[in-house]
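Participant: I have a structure here, written as structure tokens, and I will follow up with some questions on it.
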Amino acid sequence: MVREEVAVSTRTLQWKCVESRTDSKRLSYGRFILSPLMKGQADMIGIAMRRALLGEIEGTCITRAKSDKIPHEYSTIVGIEESVHQILMNLKEIVLRSNLYGTCDASIFVRGPRCVTAQDIISPPSVKMVDTTQHIASLTEPIDLCIGLQIERDRGYRMKTPNNDQDGSYPIPIEAVSMPVRNANHSIHSYGNGNEKQEILFLEIWTNGSLTPKEALHEASHNLIDLFIPFLHGEEEDINLEDSLNRGTLPFFTFQDKLANLRKNKKAIALECIFIDQSELPPRTYNCLKRSNIHTLLDLLSNSQEDLMRIEHLRIEDVKRILDILQKHFTIDLPKNKF
């Protein structure tokens, strides 16, 4: 467990992790502070961060299971202690950590008698089991258990939606709960007198082990920033709200629009304020960059072409696409290597 004393800054806004501990493989805790804040700001930030932590962070989970021996969810299989429904509930609880984009396939192939755990799941290298001891089923007889699984990265809660495969079979859907953050709370400490009264925001985060509390805080912060980016340049647009409302939708400010407006008004482009997920990069490319801590244009320009080629899962055509975008919108060429 890591614990630090709380030192309140009287000048610039700062945040710090004051406590960090791992209670188990599937439970991590972190306590953070942000200060100094003006009266009312701590509650505003705390509420927004809590909602972003609980609802805006992506998680990875098993969403479907398929086996020739399983006719439907409420059946039983001779030689297996648990019912099919219990096995599905156990699969639902498996905690996964991944840099996956979209879906992938996994499988279980075991022969009894033995206990089946998360360690028996055969998955791509991009998917890791957080706790390999998580129980799935108990085989009491020398039978084969073969289950095909679908793993998906998403956010929030998804109801079961039955759907047949191309081969005509019917995989059993699993209610997916893609929520890495188990709980989040905030509290406020006020100090000072009169007009000089200030606040400290305390933020507590519990995760399921697929993310550390610090990683969850970082991702939630970026998700909130992304939501507010269109408003940063809203005053530069001549928007007829009445016409827009009659059409039923408001104008969408694209990456190209914002750059054009900045150039038109002769404003310096704040590279650190332009996030790569606002560009026209494909989601898979964006996720590769994000996993390498490249979140803004400034982060991207700190790398050479060779650096990008070394990023895991980033293909040469992805690098060419990035270079084309930099040249097209910024007339910038990344150096081939760092000197």
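For all residues, glycine too, the Cβ spot is worked out from N, Cα and C.
Grabbed the feature section from Swiss-Prot, which reads as follows:
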REGION    1-235  region 'Alpha N-terminal domain (alpha-NTD)'
REGION    267-339  region 'Alpha C-terminal domain (alpha-CTD)'
Participant: Go ahead and report the DSSP secondary structure tallies for the region 'Alpha C-terminal domain (alpha-CTD)' (267-339): helix first, then strand, then coil.
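Facilitator: Within the region 'Alpha C-terminal domain (alpha-CTD)' (267-339) the tally stands at 40 helix, 2 strand, 31 coil.
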Participant: To what whole number does the mean pLDDT across the region 'Alpha N-terminal domain (alpha-NTD)' (1-235) round?
Facilitator: 87
